[in-house]
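Taken straight from Swiss-Prot:
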SIGNAL    1-25  signal peptide
DOMAIN    26-293  domain 'GH18'
DISULFID  C45-C91  disulfide bond
DISULFID  C75-C81  disulfide bond
ACT_SITE  E151  active site, proton donor
DISULFID  C183-C212  disulfide bond
Amino acid sequence: MAAKIVSVLFLISLLIFASFESSHGSQIVIYWGQNGDEGSLADTCNSGNYGTVILAFVATFGNGQTPALNLAGHCDPATNCNSLSSDIKTCQQAGIKVLLSIGGGAGGYSLSSTDDANTFADYLWNTYLGGQSSTRPLGDAVLDGIDFDIESGDGRFWDDLARALAGHNNGQKTVYLSAAPQCPLPDASLSTAIATGLFDYVWVQFYNNPPCQYDTSADNLLSSWNQWTTVQANQIFLGLPASTDAAGSGFIPADALTSQVLPTIKGSAKYGGVMLWSKAYDSGYSSAIKSSV
């Protein structure tokens, strides 16, 4: 009997350890939503390649504007995106976080004041997160957090938005915060916000910026990576284009990534994995690198 008890306890400890490892291990993060031909959200999650999927984008908001979600060819958020609710739940039931990205490389967005930031935070909470609203474009699904992909403006008030969103972590569902800065440090738009220490994940865009991206040599990228690991964030991710067509420059062939870059950056205590832009361009890249991430 004693031997059986020990065996059971040993098996339980192994399961707990495995759960801990899977919940704290590295992952591939993917942006989804900007191409109607990239497949469904459920299929994206069911691929088994991604640990987090980011819905892109709420590209209009702030400064008196009515916030607007743009999911390109997938659906019209004003009328028929409720069908995504079941897909979101499918992802979450598989242990995959689903975040909503605000901003993007195009669109009209800005924050004019702290009050504006607080108002927008309440809107995000009530419309997409754990709050309540008569209008929820994605139905009753509760997203896991908000991603800041801010690529224009002077950087003011994004720290206030982060504080306001974090303020909703009041014992209810956790609101994860992520940021996608450009690789030159400091980032003109997001460094002040990241300095609050409120961000769980920072996936740095190591592309479209030759001084800090891969270009036959990994030296510039690795130097920039080392600088980014000093910022106040729980985890830092290597942000890359998923193909040569996904960005103007900075694509790293899978064999170069796995031999020249990942072995070094995985030694960083804050290493979280790889972020890819985007699902529409990921025609096998994530599968090729998954085992090395």
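Quick reminder: no glycine exception, Cβ is built from N, Cα and C everywhere.
For C91 (disulfide bond), the nearest neighbour among the listed recorded positions (C75, C81, E151, C183, C212), judged by C-alpha distance, is C81. Secondary structure at C91 (disulfide bond), taken from DSSP and collapsed to helix, strand or coil, is helix.
Between the CA atoms of C212 (disulfide bond) and C45 (disulfide bond) there is a gap of 31 Å, rounded to the nearest whole number.
Summarising the environment of C75 (disulfide bond), the number of other Cβ atoms within 10 Å of its Cβ, over all protein chains shown, is 18. Looking only at Cα atoms, the residue listed as 'active site, proton donor' sits nearest to C183 among the disulfide-bonded residues C45, C75, C81, C183. Per-residue pLDDT, averaged across the domain 'GH18' (26-293), gives 96. Of C45, C75, C81, all annotated as disulfide-bonded residues, the residue with the shortest Cα distance to C183 (disulfide bond) is C45.
Comparing Cβ neighbour counts within 10 Å across the disulfide-bonded residues C45, C81, C91, C183, C212, the minimum falls on C81.
Distance between Cα atoms for C45 (disulfide bond) and C75 (disulfide bond): 18 Å, as a whole number. Cβ neighbour count for the residue listed as 'active site, proton donor' (all protein chains, 10 Å cutoff from its Cβ): 18.
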